[in-house]
Amino acid sequence: MQLEFLGTGSGQPSKFRNVTSIALRLLDERNAVWLFDVGEATQHQILKTTLRPRKVEKIFITHLHGDHIFGLPGFLSSRSFQGADKNEPLTIYGPKGVKEFVQTALRISETRLSYPIEYVDLTEGVIFEDHTFQVVAAPMRHRIETWGFRVIEKDHPGELLVDKLKQGNIPSGPVYGQLKAGKTVTLPDGRIVNGHDFIGKAQKGRIVTFILDTRPNDNVEWLAKNADVLVHESTYGSSEEEAKMAKAHAHSTSANAASVARRAHVNKLVLTHLSARYIGPMVKELIHDVRRNFANTYVARDFDIIDIPFKKDSNESK
């Protein structure tokens, strides 16, 4: 599991940062990529990476401001040009209006896609769940309807303890598969063994939270609780003047992000959606200020890739 930042700026593109889009790379977990927001020129950014549009199976849109959605029609069209077909459908989760926006752009430009799109209007709570992941949405406080997302990976089953099976003189073969599935098996010699006795501890799944435009609110902490990574907007810095600007424009400061990361017991905080004025020394100052409140903080740049490892068992690390 990895995060790849395709755009880390706010409002409009700059020389150093494109507008918002983040890829959650789930190639090992489900051979797929999920996009969170698709700002203008996201498809151009993708061309500079190893990402393949056909691998994108889900798109999550936080809100309908242009710097978060203007790249959608172009990306969808290019995905079609690159050969996506009816066996590679795409689901777009977003506020009411995202379907109208996409369909209007495609209709007026007479663009016909070679694959189906399913649209899911966001509601509070679980918006997607299967055997590998669950995604939870909650409303934010911005100038228009806006949402945050919590991606929860399901726990991974423990490994089959082969050495323990051998010590118990349990012969290899199909029985191992049954025990791995947690079944109770009767062996040829009459012994009855329970698969759960030969399976190691489950590996706890990872949690990633996306808060891309909002002023502070209780739902941010709720979505971020115990997250391995919290990706949080930081349109403004921590000065008193910038705090006033953030409040006026319904955004957050870097201090807001650090505070919620600390209260929510987040492992790593990644700041994105930065104003264009944050370049060079100002970025270093921003990092320095935030790390005084939350040490494990990183300021994302376009094309950064961040690994999200499994948490080590506390007993293992002793």
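Residue numbering: from 1, along the chain as shown.
Glycine too: its Cβ is placed from the backbone N, Cα and C atoms.
As given in Swiss-Prot:
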ACT_SITE  D67  active site, proton acceptor
BINDING   H63, H65, H142, D213  Zn(2+) 1 binding site
BINDING   D67, H68, D213, H273  Zn(2+) 2 binding site
D67 (active site, proton acceptor) in three-state DSSP notation: helix
Inter-residue Cα distance where the pair is H273 (Zn(2+) 2 binding site) and the residue listed as 'active site, proton acceptor', in Å: 10
Under 8 Å by Cβ from D213 (Zn(2+) 1 binding site), counting only residues of that chain that are 6 or more apart: T62, H63, H65, H68, M140, H142, T146, E233, T235, A250, H251, H273
Per-residue Cβ crowding (10 Å cut-off), top of binding-site residues H63, H68, H142, H273: H273
Env. residues of Zn(2+) 1 site, Cβ within 8 Å of mean position of H63, H65, H142, D213 Cβ: T62, L64, H68, M140, R143, I144, T146, L212, T214, A250
C-beta crowding around H65 (Zn(2+) 1 binding site), within 10 angstroms: 20
Env. residues of Zn(2+) 2 site, Cβ within 8 Å of mean position of D67, H68, D213, H273 Cβ: S10, G11, V19, T20, D37, G39, T62, H63, H65, L212, E233
The residue listed as 'active site, proton acceptor' CB neighbourhood, other CB atoms within 10 A: 23
